[in-house]
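Undergrad: Questions regarding the structure given below will be posed in turn.
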Amino acid sequence: MYPPPHRVSFSTRTHTCLPFNLQDPDLCPRATPPAALLQPRANKPLPSRLTALSPPSKRKTGRGDSGPLWQDNAPFPEKPRWAANSLHNICTIARLFPRFPSSSGEGSPEDPLRQSLPVRLSSLTSSGHVEAVRADCLRRPAMFPAAAWLILLVAPGPPWARGDPIQETEEGEALKLGACFPGSAVEAGGLNLGQRWGDPSPTASLLIDLRRVTSAASSFDFRTFDPEGVIFFGDTNPGFDWFVLALRRGKPIMQIHNSVTNITVSGGRRLNDGQWHRITVKNEGHIVMLLLDGEDQLTLSHVSHPIVNQTTPQMRIGVGGLFILPTELLVPLNPALDGCIRHWDWLNTSQPWQEGASLQDPGAKVCMATVQRGSFFPGDGLAVFQVSGLPVGLSPMDGNWRFSLQLRIRAAPQLSTLLAVWAVEEQRPALRLALERTDLTAELGNQTVLLLPLPQGGCLDTPLLLLLTPSSFTLRLGDTEVTKPTPRDDYESLRDVWLSNMGNLVIGGASGEGKTAESPRFQGCLHTVRVQGHELDFDDAQFRSNSIWAHSCPGNVGNKVDVDDGH
């Protein structure tokens, strides 16, 4: 039975949102989680039989791997509970629930590990068998640490914990990101939250002994251009007593799930402006408060137990992700967040992240000292969108199909594919846009090529337009434009690929290209990519390389942030 609604104090209004009564569509939208989190990657069917489980190779921890977890010949169910990363989620659940008591000798049917196995293992009938699976998972290096309750909070102490003005930190070592991003310095002491695409688990985590905690407040500096994603998650009783602070439409949103209440609130000003903001969350008895840059933004009453002197000995804190499935949130959102934190103080404790040195691996993303809006491609990744999820492109005037692409590109001269519409059945590009060192080219089918010379002066920083209609094929770069008549066969080929939903829109390369010296992938920044009038969000891609920065690019030298006035 749910408790009665609770008042939520905003700067301008009061509202209550409960999971069974989502009255305000702006505050509590009836959204669905992104397809990438609910479906097997690349829409590939799950294997018919489970033969071995091991951590995905891309989840590097720097601690090695000892081989498969276990073997079993039972088939998968028709509708496995875990769809995304379904195999490695078994050990995820084992770490979230390291112990589950049972009053009988048989394994409890309520055991989350038993329920979450991708097979309803008829062969694992006893608690001993299930516990053997649990023990095997717990012996392995954690692919991400377990979670914790967190009504996150930090205590007074350092100046930033008291809401004092944000202080700029010393810039670290400069990165080599090409001629268009000279002297791109690293933000010393920063942690990038957007490390792994399609993986809702935290980027980094802590395990705090509450018996030693004397302060019920947490604070940190936070910076992003991303309008949606998880900032941090915490719990004391996994799956039952948890808290999450996130962004939705650029504004803070808090979700609280515990024995006192299940509630979601959102309010305050937008934070996705690329500036550093000081965030503080306090838990004072039954009250939870959110402060931004020292100003009270949200105050919730009768929603929590006191953090200090908890009987539960431990709290888990995870930043940039969840310790639960995204579908278990009270209001769904996409956990992926391209953002950075620094100067953190969690409950007035000082301890290192459990991931340790793996956060400093060569492939790990860093926090840049200067940032600007856009999506950064470092030259070794690509993003794939299914055309079935993009607008059709029928003209409201005559009903004819057309293709349009608009973006702003910032890149050095190079040899790379910028974008391609890939025909899946023919395994070829029906349309390809490429940088050819001194020229920009657009190839339609096998016979139509548009070519524009790139401006002199090295770094390209220019708006781009590509438009295809039944009569004309146009490419524009800045104020320079070239147009040719559209060959009927090439037009119909691209149209059929798009309307049949048998194609992919690939950005940063082409599906059939390997990353070789002859076919390198795009390196540079793309700003406001619109296809058929729809602005792409790289968090919604069917696939995205981990190296791509979805909502930020290295900024201009001498400016801490380049804020786009159009957003």
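Including glycine, each Cβ sits where the backbone N, Cα and C put it.
Since we're looking at a predicted model, the values are computed, not measured.
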Undergrad: Taking C367 as one end of a disulfide recorded in TrEMBL, give the other end from among C340, C459.
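TA: According to the record, the bonded cysteine is C340.
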Undergrad: Once near-sequence residues are set aside, which residues in the chain of C340 (disulfide bond), 6 or more away, have Cβ atoms under 8 Å from its Cβ?
TA: E187, G190, L191, N192, L193, F222, R223, T224, C367
Undergrad: If you average per-residue pLDDT over the domain 'Laminin G' (192-367), what number do you get?
TA: 89
